[in-house]
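Features from Swiss-Prot:
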| type | residues | note |
| --- | --- | --- |
| BINDING | Thr30, Leu31, Gly32, Pro33, Lys51, Asp87, Gly88, Thr89, Thr90, Thr91, Gly415, Asp495 | ATP binding site |
| COMPBIAS | 530-547 | compositional bias 'Gly residues' |
| REGION | 526-547 | region 'Disordered' |
Amino acid sequence: MAAKHVVFGAEARERMLRGVDTLANAVKVTLGPKGRNVVIEKSFGAPRSTKDGVTVAKEIELEDKFENMGAQMLREVASKANDTAGDGTTTATVLAQAIVREGMKRVAAGMNPMDLKRGISKAVAEVVSDLAHHSKKVKTNEEIAQVGTISANGETEIGQMIAEAMAKVGNEGVITVEEAKALETELDVVEGMQFDRGYISPYFITNPDKMIVELEDVLILLHESKLSSLQPLLPILESVVQSQKPLLIIAEDVDGEALATLVVNKLRGGLKIAAVKAPGFGDRRKAMLQDLAVLTGGQVISEDLGIKLENVGMEMLGKAKRVSIDKDNTTIVDGGGKKKEIEARVSQIRKQIDDTSSDYDREKLQERLAKLAGGVAVIKVGGATEVEVKERKDRVDDALNATRAAVEEGIVPGGGVALLRSSKNIDVVGLNDDEKAGIDIVRKALEAPIRQIAENAGVEGSVVVNTILNNKSRSYGFNAQTEEYGDLVAMGVIDPVKVVRSALQNAASIASLLITTEAGIAEAPKKESAGGGGMPGGMGGMGGMDF
């Protein structure tokens, strides 16, 4: 085992604090509408320019092992805030730095770190309940757009686009962000249920110009296994021909005699038909077929359930108003499923999301939920250069996460004002002087975000704080974008409660760990052995050779 280097007490805390300051100072320049960019060198390609706190934090590694420990613990604050609320990473970093610096001063003055930690926890709990008490629910499209605009650093176009996407696919719908190949940023909405399987044979195409299959008022056969033989299919095909409606077959695969017969009948015009492979694999395929059955009001034909294909009646087929299939995707619009059954299926998937511990499973379940509940919207972010597109995509991601958080837990006035107001409402009492000092640490730290926003805008932070506190209205604050004071909610400067809350809770959690640190252990640097690099001995007899 390699030797370790151990430092204690004040030295351990000081070196960690240096790391905390290095990371926080790099991250906090990005805070607020007048925040600056940070340029990050990449091992290949152009440097990356960003205003996203967590992206900056993830790039920082320091040479000194103990400074690096402090920086990595602070990086955890930004990552945690990003995971919980998807935004507020810079605010969390600024708060953590403020709590750590104040806390370290008190510990150096001889106060008990554990009592300070208890005081910090009490104050944070009080602030969280104060934020929840004063939050306002987001209802209108305008409010959703305002939240998105603020988080995208004042880009109205992005805020509007997110509001439009949420209006179209609902709060449960999936909204994804991709890089576009064009200059413009655009919104693409897919209604209904879409899955990533295209037509099995191009002979099914009904619209040769667009190379797609379009079917109206469709019957849908959902089969779990592979269809190769024609015989079991004949009874249901005859019934479908008599009904004069198109048929879509979704099965594990369709090949051989079955596929040949379907294609021939389609080309002769006797049968409007198309076949696609079922989405997913293994157990997930079964679950997705069941989703399709609920959505279309049909039944999955499965040998496990004892249902044979030759015994299938028309009542077991699903229905949909419209189906569109291209070579990669199938979209089913307006399925004939009962609303009650769809809602039951949605709540079942929601419960599975709550119960699962795997991020991958959660993501897949959320996709299924969105396909059942709303639809899918894609925001394609454009720009003149690759660097610009990446920077804008970061901001759109932040804005999208902030908007979702706002819909979930409501909003408070932005610009750091909510935390500043809450700092004056902390009325918990510490059990002793050290706990009281812990509460005071949080009171002072809650001023840090608004001071930083003001300073990034080139205004004196102390003046801004005093001006705001002299006004009694909770929503009165400083708009750094326009450098005006006024009602921030009316100006559209708002923050989601979830973002502010998780920023504070994560900052306090990691800051408390740093304050209560009494020793640090790191791997000792390896000493270079003297005399290295020489030729090994024992080759003396080769001196006369001429190379």
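Glycine residues also receive a Cβ, built from the backbone N, Cα and C atoms like all the rest.
Can you walk me through where each of these features ends up in the structure?
Taking Cβ-Cβ distances under 8 Å and a sequence gap of 6 or more within the same chain, the neighbours of Gly88 (ATP binding site) are Ala81, Ala402, Asp495, Val499, Val500, Ser502, Ala503.
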Tell me the Cβ contacts of Gly415 (ATP binding site) under 8 Å, same chain only and six or more apart in sequence, or just say none.
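Counting only residues 6 or more apart in sequence, the Cβ neighbours of Gly415 (ATP binding site) under 8 Å are Gly32, Ile450, Ile453, Gly477, Phe478, Asn479, Ala480, Leu488, Val493, Asp495.
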In the structure shown, with every protein chain counted, which of the binding-site residues Thr30, Thr90 has the densest set of Cβ atoms within 10 angstroms of its Cβ?
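Counting Cβ neighbours within 10 Å, the top one is Thr90.
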Helix, strand or coil for Lys51 (ATP binding site)? Use DSSP.
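It is coil.
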Same-chain residues six or more away whose CB lies under 8 A from the CB of Lys51 (ATP binding site)?
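Expected: Thr30, Gly35, Arg36, Asn37, Val38, Asn153, Glu391, Asp394, Arg395.
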